[in-house]
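If you check TrEMBL, you get these features:
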| type | residues | note |
| --- | --- | --- |
| ACT_SITE | H303 | active site |
| ACT_SITE | H349 | active site |
| ACT_SITE | D404 | active site |
Amino acid sequence: MRGIGKLRGLGSLLSKNLGEQPIIDGTRGISNSTDLKSVLAEKIPQQQERLKAIKKSYGSKQMGGVSVDMVIGGMRGITGLLWETSLLDPDEGIRFRGYSIPELQEKLPSAIPDGEPLPEGLMWLLLTGELPNKEQVAALSADLRSRAALPDHVNATLKAMHPNTHPMTQFSAGVLALQPESTFAAAYEKGINKMQYWDPVYEDTMNLIAKLPALASTIYRNVYKGGDLIEADPNLDWAANLAHQMGFQDQETQELMRLYQTIHTDHEGGNVSAHATHLVGSALSDPYFSFSAGLNGLAGPLHGLANQEVLSWLFRVRDELGDTPSKDQVKDFVWATLKSGRVVPGYGHAVLRKTDPRYACQRVFAMKHLPDDPMFRLVSLFYEVVPSILQETGKVKNPWPNVDAHSGVLLQYYGIKEQNFYTVLFGVSRAIGVLSQAVWSRALGLPIERPKSVTMDVIEKKFSGT
Ligand code: CMX
């Protein structure tokens, strides 16, 4: 219960500083109810009071200055967002509501003994701040299953698209095709009180997340398997059903999918997909609109598309150098990539300054299940070679691998060979993080985003003394 302990600590610290009523952090006590929405409903008023108290007591305090470099440099290092579901430490990596990935692998319920965590467990944690028990995870799984069916018109929309349309374009369009179902948009039109926004956003979040395995697998089967669709299995959990509906029935692939879908959910608020979802949602665009915007950002090669790029790049290595290249050959290949003005995909990060724990846990999975796979060996060889080369460039701030450097090789091993589809799998998972936060953003009444921009003229005039 480390994360919750941390939050409790903050509550008492705040109350000490304020000398007022203790600020309730909303995660006190563990709920036994298996109804996620009622657990959430209990916590929301407490968190609303907590935010009010923070605003009142600390609203005028400064949290770091902004330099011209930060303004020009993609807002690097500016703290400018509230994001409750996860926090990224540059050296330690991601913590979901206070828990690291290895801690979650130990503490979240799994489908099989000593298996990978179920993403539904992480979803419960992200939404409530509480580690769920098995019954709660089973109830959430069942709730998602009951909402999972995809309306027919969505597949008709997908089929009407040009056959060369990238799976990510189809995925984003498929999410928008579901938008007429938005409970939030309908409630807003009827004049819902803003204190109640979170409720229809929660319903949209549940409905959308529930349908993503069917949507993603429909795209997969249409593009790569002649449109022969597979029904969901009512006995399977959310991630296993995604693998199943794509056409992968074996337990090990389903275990990989559970791990994959857990670790890609959330990476605090400033990354492109999270921030885009948050920004668009702040205009009270419903979760379908805002998540589709997040997916469009995830489709960029510097963000989620890097997992596809990594695999294409590894294939080029294999085609040119064979399965077992030497270290020197790999070094030359990396340098050639850099000298041609391209990035090494899967390496580097805007915030992290160490090996991504999401990379590390995939590596552990590979060592357990596919230690002798030639592509895994190649990935390991790159891990030995790339960081020192990127360091040698003198400009790359983080030479270590990120999540995208490993995922493709695992998917390949289990027969999911179509790398153009990989970012869709990333996107399915990302929904859990960004939409859990969307529920809280509306519950906490966060306002429309509108940072100030300036022209070059303004900067020159301000600092040149003219
Ligand atoms: N290969 C080559 N050059 C790299 C590099 C890499 N992997 N990572 C950073 N650099 C370069 C930058 O392009 C930049 O060069 P210029 O000054 O010439 O423009 C310089 O090093 C400094 O960049 P940085 O501050 O270290 O990194 P940024 O915060 O600007 O960018 C990221 C972060 C992820 C976009 C970058 O590291 C990158 O392009 N990596 C490769 C693509 C990738 O793996 N993306 C996935 C990230 C994880 C995810 O979001 O899914």
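Note: Cβ is positioned from N, Cα and C throughout, glycine not excepted.
What TrEMBL annotates, mapped onto the structure for a quick look.
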residue	record	Cβ contacts under 8 Å, 6 or more apart
H303	active site	N271, V272, S273, G297
H349	active site	D356, N398, W400, N402
D404	active site	G304, A306, N307, E309, V310, P345, G346
Task: Reduced DSSP assignment, D404 (active site) - done: helix
